[in-house]
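Asks: Below are the structure tokens for one structure; questions will follow.
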Amino acid sequence: MTSSRKSTLLHLGVLALLVVLFFVLPPYHAGNLSRIMVLAIYAMGYNLLFGYTGLLSLGHAMFFAAGMYGFGLTLNLGGWPVPLAFVAGVVCAGALALVIGLLALRTAGVAFMIVTLMFAQTGYLVVLYFGTYTRGDEGFVIQQAQRMLGGFDLTSETGRYVTALILFAICFLGLARLVQTPFGRTLVAIRENEERTRMLGYDAGSHKLRALIISGAVSGVAGAAYALLFGYVGATFATVQYSIFPLLWVLLGGAGTTIGPLIGVFFMFYLIDTSSTYTNAYMLIAGVVLVLLTVFAPQGLAGELRKRVFKWLP
Amino acid sequence: MAAVSILETRGLTKAYGGVLANSDVNFKLAKGKVTALIGPNGAGKSTFVGMVSGRTEATSGQVFFEGQDISHLPAHKRMQLGLAYTFQITSIFPGLSVHENVALAARRKLGKDSEALEAKVQAVLTRVGIADRAEQIAGDLSYGHQRILEIAMGLAQDPHVFILDEPTQGLAESEVDDFIKLVRSLAGETTILLIEHNMKVVMETADFITVLDQGMVLAEGTPAEIHANADVQAAYLGSTPHA
């Protein structure tokens, strides 16, 4: 079996597993999984930029929040229908990524980290500044009545799971395909050696900008989906914490692998969930496990699997 | 030089602060030939090809490629026009397979045509003699093989002009001989601009030689002419030229 056949089977297998899990898992865990899938979309968006293109952003919360507020505000204040508001959220995130990219991509390395961090901080302050509309830290709830799609109730456990799974599947398969295209391969080349890539005749700058826009837009999908499925929009999601999360998830799961983000989110979610049932110091346990993983599995869970067992892992 | 020139520089100058790395270099590259650029360390050879390829911005002067003024084009646009460049310090994609390294070089032109791409990669790897290492990770190759891989990446682009910056540096004697054969086999197929310290390589491959010294063109001519040139001997050996 060729590597590409294997990876197609793997991706379809993961999706099939997620379908099966819905029927066998108790409701509590199925609910968790809906949330994990939405957050995994965010992690996948981040992974395209960090894992594949080699650009470490510390400001992705601004794209997540742009998707969330773009959706929530047009729905709540503008009275837009759900699909249109959702598209608005994604477009907001993509457009923000374009503007940020034009400015931030003039820098590289540590400077890029700091510039994105600063822009995200600005984004957070903008949310607070326009508190009249955004309700600032307090945030606002999206009423259950608004979270309907053609008679389909998105607040029910099933509605949530199905929506999260469909969105996850689109992003998962789409990104898995994207990184195999000549465009995706060029992103990897930029990560590995940008100067060489440029001297092979590729426009590295435009590739990085496009990667950032896609990454931002996918993060926006996650932000909008989060607001849609869990009914809350708040400034917490624009804080630096939410910029660090995707980095941790991707590092844990395996940067530059297609299944790493899902594994990373899943692992961290249940690490905190499980440890918090035993002790109040659950963050301590999480911290120790993270340190151990970074020391013993620096390429993340999927990355180590690829290195040791499944060399074909995409 | 009577031959048709494919690449030309006029008054190309690079100043680093007050130091002139290149001053007023007028150079013509004969189409389909191998031209060697030689000169003592610090003569400005790498700076010169840096300005030609677009890696280094020129302080003044112009570069013409196939009749077109490319002085203000960024490096990747120049590569798209048909220049290819190998680095003096080996620059490959160490984390990717040998196959993917060459595929990246070929893919810009062949795009999504995966059959043509595969054929191209195989042909190039066979030509330089590392086809059996296609699946190896490039960073695991020996230094000599990494240099050869970089040349393969250049060839995969089917360049009109192929700039090689000290390609034999650090190669073993036998590898140097293979390199000489390879360059000879390319004669007529493409135009080569070779920066080289190894005089054996220069004398056995070059049709023309240009000598740079202190950022300026000191002499130009066939290997035999350069060999007999007193100024060149002086520049290399430091002796006083005969009056």
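From the backbone N, Cα and C atoms, a Cβ is placed for every residue, glycine too.
These came from TrEMBL, pasted as-is:
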{"type": "TRANSMEM", "residues": "A:9-29", "note": "transmembrane segment"}
{"type": "TRANSMEM", "residues": "A:49-72", "note": "transmembrane segment"}
{"type": "TRANSMEM", "residues": "A:84-104", "note": "transmembrane segment"}
{"type": "TRANSMEM", "residues": "A:110-130", "note": "transmembrane segment"}
{"type": "TRANSMEM", "residues": "A:161-179", "note": "transmembrane segment"}
{"type": "TRANSMEM", "residues": "A:209-235", "note": "transmembrane segment"}
{"type": "TRANSMEM", "residues": "A:247-272", "note": "transmembrane segment"}
{"type": "TRANSMEM", "residues": "A:278-298", "note": "transmembrane segment"}
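Would you situate these features in the structure and describe their surroundings?
Replies: Same-chain residues lying 6 or more positions outside the transmembrane segment (A:84-104) and placing a CB less than 8 Å from one of its CB atoms are 59, 62-64, 66-72, 74-75, 78, 112, 115-116, 119, 123, 208-209, 212-217, 219-221, 223-225, 227-228.
Long-range contacts of the transmembrane segment (A:110-130) within the same chain, counting only residues at least 6 positions beyond its ends with a Cβ under 8 Å from a Cβ of the stretch, are 55-62, 65-66, 69, 96, 100, 103-104, 136-137, 235, 238-240, 243.
Here the transmembrane segment (A:209-235) has long-range neighbours at 34-35, 38-39, 41-42, 44-46, 48-49, 52-53, 55, 57, 60, 63-73, 76, 82, 85-86, 89-94, 96-98, 100-102, 105, 124, 127-128, 134-144, 147, 154-155, 160, 163-164, 167, 171, 175, 178, 183, 187, 246, meaning same-chain residues at least 6 beyond its ends whose C-beta is under 8 angstroms from one of its own.
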Asks: May I ask for the residues of the chain that lie six or more residues beyond the transmembrane segment (A:9-29) and have a Cβ under 8 Å from a Cβ within it?
Replies: 37, 157, 161, 165, 168-169, 172-173, 176, 258-259, 262, 313-314
Asks: Establish whether the number of Cβ pairs under 8 Å between the transmembrane segment (A:49-72) and the transmembrane segment (A:247-272) reaches at least three, counting only pairs separated by 6 or more residues.
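Replies: Judged by the Cβ rule, the two regions touch, with the required three close pairs present.
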